[in-house]
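For reference, Swiss-Prot has these:
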| type | residues | note |
| --- | --- | --- |
| DOMAIN | 4-168 | domain 'EngA-type G 1' |
| BINDING | 10-17, 57-61, 121-124 | GTP 1 binding site |
| DOMAIN | 177-352 | domain 'EngA-type G 2' |
| BINDING | 183-190, 230-234, 295-298 | GTP 2 binding site |
| DOMAIN | 353-437 | domain 'KH-like' |
Amino acid sequence: MSKPVVAIVGRPNVGKSTLFNRLAGGLVAIVENRPGVTRDRLYRDSEWLGRKFTIIDTGGIEFVNENTPITAQMRRQAEIAIEEADVIVFVIDAQISPTPDDDMIAQTLRRSGKPVILAANKVENFAKTELYEFYNLGLGEPVPISAVHGMNIGDLLDEVVSHFPEDIEEEVDPDTIRIAVVGRPNVGKSSLVNTLLGEERVIVSNIPGTTRDAIDSAFEHEGKHYIIIDTAGMRRKGRIEELTEQYSVSRSLRAVDRSDVILMLLDAGEGVTEQDKKIAGYAHEAGKGIVLVVNKWDLIEKDDKTMNRFEKDIREELGFMQYAPTLFISAKTGQRVTKLLDLVDFVAEQNSTRVATATLNTLVREWVHLNPPPTDKGRRLKVLYATQVGVKPPTFVFFVNDHELMHFSYRRYLENQLRSSFGFEGSPIRMIVRQKDEERE
């Protein structure tokens with residue numbers, strides 16, 4: 001299920017990033033009292049009343065002073081966010097009258113046809129603030145807020161959530177594996193999807209996806225069922241067409257949310273880019289199974305060491321994803337493409353692996369005996385017991401005498417031991433450390 005998207009827009013210096021940080025639960029966007037600090041779109045997940053959603057912070061939109069390249073770029077970024085959004089929060093400064101930029105932005109938002117909530121920010125005295133001037137923007141009743149102090153944010157979120165589309169449950173066989181093919185533009189996503197589908201004799205159907213403008217292709221292979229979520233097949237609209245690279249990140253994130261296994265495509269000729277890192281990081285945090293697929297391998301001049309060098313470079317650039325298997329392919333020629341589905345099956349199984357509690361604790365005792373935790377000011381960490389509490393991704397709780405004694409290096413040691421004993425190849429592992437009450441030890 002794809003999460004709704006909420007875009008925060010407005011002219012510069014009205015408090016968009018402060019509101020974004022308030023909703024994201026921490027300091028994510030840089031907040032300074034000058035225009036133009038947020039130039040690119042920032043994405044974070046949030047939740048209200050049990051509804052999860054993605055929020056986007058954008059740079060300020062200016063129409064009056066739009067002659068600089070940076071101003072034009074920031075405006076384009078905001079236009080992309082509007083295109084992506086299910087709900088738009090238009091932030092205005094309640095301490096001054098509407099400006100010409102406010103009027104122009106309001107016109108743009110009305111034409112979008114999206115639900116728009118007018119958030120009147122910087123309200124310090126709710127009893128005395130007059131907001132009647134802002135009704136002229138034609139966007140309904142303003143919601144007075146103070147993003148800095150967190151005042152009335154709950155009312156704003158109530159209004160936001162009320163506009164979310166209803167959840168639509170997809171009727172899909174639980175044994176069906178959903179595969180998201182993600183990556184930058186021109187990396188070969190469409191070619192890979194077409195090659196995979198073209199090699200299969202039984203293409204069951206095309207299923208309209210819950211993600212806007214996506215077409216999911218369902219097919220069978222050796223009696224197993226798959227759905228490919230094809231981000232490359234999405235339509236691009238109007239002025240957004242020229243901004244395919246920026247827009248592709250959002251499409252990829254939505255596909256990640258709905259998938260079981262991700263095929264992360266990299267261009268053999270370009271290596272790992274910053275955008276690749278962003279998409280890979282989102283996949284890692286989402287707990288999805290992942291395969292790193294290096295495409296266009298047929299175009300690379302190589303010797304017997306080229307593949308090893310390339311894989312080493314990938315591991316250095318994506319250090320947080322050492323667990324992901326790598327496959328070098330050519331979607332154009334079909335080189336090694338037939339191996340992909342076997343690897344997808346394997347990674348999906350690894351991401352769903354369960355470990356019996358008795359087996360786990362026997363091994364945990366051995367690991368601690370072989371490598372006892374270091375002492376900290378005379379105190380030593382005691383790992384009392386562990387249990388697995390979830391899959392997709394495999395999630396483990398370690399009960400200890402004092403969670404503050406669990407150093408990140410020892411946590412990494414335990415994760416490495418889990419992988420050595422049980423595999424989990426292609427799958428992230430979640431580790432939760434909880435402190436056991438002294439009297440219950």
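Each residue, glycine too, has its Cβ placed from N, Cα and C.
Positions of the features from Swiss-Prot, shown on the structure.
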residue: Gly10; record: GTP 1 binding site; Cβ contacts under 8 Å, 6 or more apart: Lys16, Gly60, Ile61, Phe90, Val91, Ile92, Asp102, Ile105
residue: Asn186; record: GTP 2 binding site; Cβ contacts under 8 Å, 6 or more apart: Asp267
residue: Trp297; record: GTP 2 binding site; Cβ contacts under 8 Å, 6 or more apart: Ala268, Phe328, Ile329, Ser330, Gln335, Arg336
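In the three-state DSSP scheme, Thr58 (GTP 1 binding site) is classed as coil. Gly183 (GTP 2 binding site) is surrounded by 26 other CB atoms, counting those within 10 A of its CB over all protein chains shown. When Cβ atoms from all protein chains are considered, those within 10 Å of Val123 (GTP 1 binding site) total 22, not counting its own.
Cβ packing within 10 Å was compared across the binding-site residues Asn13, Thr58, and the lowest neighbour count falls to Asn13. Geometry remark: Thr58 (GTP 1 binding site) versus Lys189 (GTP 2 binding site), CA distance 28 Å.
Scoring each of the binding-site residues (Lys16, Lys189) by how many neighbouring Cβ atoms lie within 10 Å, the top position goes to Lys16. Classification of Trp297 (GTP 2 binding site) by DSSP places it within a helix.
Here Val123 (GTP 1 binding site) is positioned 48 angstrom away from Lys189 (GTP 2 binding site), judged by their C-alpha atoms. As a summary of secondary structure, the domain 'KH-like' (353-437) carries 32 helix, 24 strand, 29 coil according to DSSP.
Taken residue by residue with DSSP, Val123 (GTP 1 binding site) is part of neither helix nor strand, so it is coil. Of all Cβ atoms in the protein chains displayed, 27 besides its own lie within 10 Å of the Cβ of Ile61 (GTP 1 binding site).
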